[in-house]
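Input: a single structure, listed below in structure tokens.
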Amino acid sequence: MIERESTRRRTWLQLLASETEPTSGVRAAMASTFDSKYAEGRPGSRYHGGCEVVDELEELAIGRARDLFGAGHVDVQPLSGSAANLAVHAAFAQPGDPVLALRLEHGGHQTHGSRANFSGRWFSPLHYEVRRDDELVDYDQVRELALVHRPRMLVAGATSYSRSFDYPLLREIADEAECILLVDAAHLAGHVAAGLLPSPVPHADVVTFSTNKVFRGPRGGVILARTEHADALRKAVHPFIQGGPSMHAIAAKAVTFHDAGTEEFADYVRATARIATDLADALTARGLRVVSGGTDIHLAVVDVAALGISGSEAQDRLNRSGIVVDKAVLPFDERPVAEGSGIRIGTPAATSRGLTADMIPAVADAMLAAMSTDDLATHDRIHREISSLACG
Ligand SMILES: *Cc1c(COP(=O)(O)O)cnc(C)c1O
């Protein structure tokens, strides 16, 4: 199965917005002996013996993250981005407290108040949306909901939204409503580290992100926060929601925090955004509509209604043709969430494997051809052609 999965990654064009290809340094750290070490607790105060080396390792990771993002408090122990968000809720809110975030169908994440998730089941979700006309976050609505409902937390950040957020404005709103501002930068942390998008760190009370997206690190989460919140957040991660940290992932995070400070990393992130823009433009030129008219980052949400198919049909046809994307619900979508009217495409994995801007017209042609037919022989033919662009 490992071999089959490696082959699949090599011979399908990987356009999942949330995936990338970690570097050999990250892979080496993930496969290292740190995986075996139990180190419940924090550097200098562990529940287990033999933590001399891992104490140094965790301090190194924390120091590098602090240098990279300029945050007062850094926690590298969260096991994932979702776990980091759970910890932030545990630190600042009580069950039943209102939390205001971007609606899932408008690009939000399930940890932002989905009924299927702790955030929607144990807290009282309130949702702001994007505007109908330009499909950008409606900050007037954010302010109105915040002032009327006085949420405990205001959450910014998204999983299927191709723009950055207005952090100074969100800070202003959070101050007026006297609530905690959480920025979930899962998709944006790489761009911020590379200096290509404004940083939420000076404005937010707390910032969370996964290290395994465009950031090109191991699977895992990080919390950055103002120093005054350090104690509450630390206890919320351990012992409230987690036991021992994944020391191998912390080793890999240390590698990534180093790499993310290099020019080479900035070039890679810049390339993901450039190629995403080119692909969004190429699909627009071929008659599809891109939500909010384009992208500032590595992902784009594309409306496929013009082809007379649903998002899930588009995903299936593309996958049969060697191109991996996610189906997506669009803002104000009339199809059920399970189908959606769009697809979400992203470039970090393909860019890491060598996809370049000059290949984009061919990729866009292949995508249109694949989505426009249900004919298996055509899908097979496109797959054979796309293999050469998959950059195995
Ligand atoms: C991916 C994502 C997460 C969750 O990350 P995991 O590491 O998969 O738990 C949280 N928030 C946003 C906005 C995301 O896009």
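Any Cβ shown, glycine's included, is placed from N, Cα and C.
According to TrEMBL, the feature domain 'Serine hydroxymethyltransferase-like' maps to 2-365. As annotated by TrEMBL, (6S)-5,6,7,8-tetrahydrofolate binding site applies to Leu104, Glu228. Taken from TrEMBL, the feature N6-(pyridoxal phosphate)lysine applies to Lys213.
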Chain-internal residues, separated by at least six, CB under 8 A from Lys213 (N6-(pyridoxal phosphate)lysine): Ala17, Ser18, Glu19, Thr20, Ala186, His187, Ala189, Gly190, Pro348
Neighbour tally for Glu228 ((6S)-5,6,7,8-tetrahydrofolate binding site), based on other Cβ positions within 10 Å of its Cβ: 10
Overall pLDDT of the domain 'Serine hydroxymethyltransferase-like' (2-365), taken as the mean: 97
Cβ atoms near Leu104 ((6S)-5,6,7,8-tetrahydrofolate binding site) (within 10 Å, other residues, all chains): 23
